[in-house]
C-alpha cells in the first residue's frame with residue numbers, strides 16, 4: 001500500500017544560458033505565470049506535504065518572486081547534474097514518505113499525469129514517466145529486458161544499438177525517501193559528462209530486484225522542457241490551444257481560438273462571445289451573454305450579465321454590473337465600478353470611480369476618485385481634477401445631474417442632485433441641488449480681424 005505522504009523536489013538551478021537573459025530561466029513566463037510557478041501549483045494541487053526547490057543561479061530573484069509559496073530552499077552551489085541536485089535535497093527526505101522529482105522548466109506537466117504516476121509506483125520500487133518519440137536524439141533511452149525497465153542510458157553514453165530505442169526518459173520519477181537516499185549515495189560521475197545522473201538510480205533499483213513502473217503522460221507536451229525562447233513560445237501556443245479548446249467545449253464562443261490568450265483563470269456564464277485577439281489575465285468572471293470585442297484586455301475583473309465590451313478596451317481590477325456597455329477604446333483602471341446599465345464610451349478613462357445606474361460618459365473623459373450617481377450625463381471632454389501634485393481628492397456627483405461638454409470639476413467638490421453644469425464650466429465650489437452653474441470667459445467679436453502673417 002502506497003504511503004500517502006509525499007514531498008516534491010523541483011530542480012531549478014540551471015542558468016538557462018540559451019535564453020540569453022538576466023532572468024533565471026524558470027522565471028520566464030508561460031501564460032502570464034513563471035514556468036516554475038506552474039510546477040509549484042501542480043505540486044500543491046497534488047497534495048505535497050513539502051515542496052523543496054533546488055536553486056543556484058539567480059537565487060535572490062527566485063526567492064523574491066516566489067516569496068508567497070511555502071518552499072524549502074535548497075542551494076546547489078555547483079551544477080554537477082540532476083543526481084547532485086537531488087543529493088543536496090536528500091537530507092530533508094523522510095524515510096517513509098514518497099519523493100516526487102519535477103523540473104522548473106517543464107511547465108505543462110499535469111496533475112492528472114502525476115496522480116497516475118504516484119498511483120502506479122510499486123511498493124519499494126520506482127514510478128518513472130516515459131514517452132516514445134519518433135526522433136529521440138539527445139534524450140536518455142529506456143532499456144528493458146523481457147519488457148521490464150532495467151535502466152536509462154544517456155544519449156552521449158549510448159551505443160549505436162541503444163540509440164535506436166524510441167522510448168525516452170522524461171526525468172520525472174517517484175520513489176520512497178529511504179530508498180532514494182540510499183541510491184543517491186551510490187551515484188558516481190563515471191560518464192561522458194562527468195556528472196551525477198539521477199537516472200542511474202533506475203539501474204541501482206533494478207539490481208536490487210525492485211520494480212520500475214513506466215507511465216506515459218496523456219500528452220507528450222506535458223514533459224517538454226524549455227531551453228530557449230523558441231521552445232517557450234511553442235509551449236505557450238500549445239497551452240493556449242488547450243485552454244481555448246476547454247472553453248469552446250464549455251460553451252464559450254471564441255471567434256478564432258488561435259487568437260485568444262488566457263493568462264489566468266476564467267469563470268463564465270452561458271452564451272459568452274469573445275472576438276479575436278482578446279487577452280484574459282488574472283482572475284476574471286464573465287456573466288451570461290457577455291460580448292467582448294476584438295483586441296480587448298480584461299484583467300482581474302467581474303463582468304456582469306449582458307455586458308458588452310467594444311473593441312480595444314482595457315478593463316483592470318474593475319466591476320461591471322449587468323447590462324453595462326463600454327468602449328471602443330475605453331480604459332477602466334483599478335477601482336472602477338459601473339452599476340447596472342451604465343455606459344462608458346470611446347476614450348473614457350476611469351480610476352477609483354463609481355458610475356451609477358443608467359449613467360453615461362460617452363466620449364473623451366477622465367473620471368478619477370469620483371462617486372457619480374444614477375442617470376447622470378457626463379459630457380464629452382469632462383475631467384475630474386483629482387490631483388494637486390501631492391494628494392488625491394474626491395468628486396461627488398448626485399443623481400440626475402447633467403454635465404456639459406468640456407467641464408472641469410476641481411476636487412474636492414460635490415454637485416447636488418438634478419444640477420446642470422453648462423458646457424465649458426470649471427467647477428471649483430460645491431453645487432446645490434437643481435442649480436445651474438456656468439463659468440465662461442465673455443465672448444468677444446472683432447469685425448474685420450486680420451490674421452497675423454509670417455514675416
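Residue 1 is the first one shown; counting continues down the chain.
Yeah, the Cβs are placed from backbone N, Cα and C, and that goes for glycine too.
Residues annotated as active site, proton acceptor in Swiss-Prot, with sequence analysis given as evidence: 363. Feature annotation from Swiss-Prot assigns UDP-N-acetyl-alpha-D-glucosamine binding site to 11-14, 25, 76, 81-82, 103-105, 140, 154, 169, 227, 333, 351, 366, 377; the stated evidence is sequence analysis. Taken from Swiss-Prot, the feature Mg(2+) binding site covers 105, 227. Taken from Swiss-Prot, the feature region 'Pyrophosphorylase' applies to 1-229. According to Swiss-Prot, the region 'Linker' annotation covers 230-250. Per Swiss-Prot, the feature region 'N-acetyltransferase' maps to 251-455; the stated evidence is sequence analysis.
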Fewest-neighbour residue among binding-site residues, criterion Cβ within 10 Å, set 227, 377: 227
Per DSSP, three-state class assigned to residue 14 (UDP-N-acetyl-alpha-D-glucosamine binding site): coil
Residue numbers, six or more beyond the limits of the region 'Linker' (230-250), whose CB comes under 8 Å of its CB atoms: 19, 28, 30-31, 35, 107-108, 221, 224, 257-258, 260-262, 266, 268
Integer Å distance between the CA atoms belonging to residue 377 (UDP-N-acetyl-alpha-D-glucosamine binding site) and residue 363 (active site, proton acceptor): 11
Distance, residue 227 (Mg(2+) binding site) to residue 14 (UDP-N-acetyl-alpha-D-glucosamine binding site) (CA atoms, angstrom): 10
Other CB atoms within 10 A, centred on residue 81 (UDP-N-acetyl-alpha-D-glucosamine binding site): 21
Residue 14 (UDP-N-acetyl-alpha-D-glucosamine binding site) CB neighbourhood, other CB atoms within 10 A: 24
Collapsed DSSP category at residue 377 (UDP-N-acetyl-alpha-D-glucosamine binding site): strand
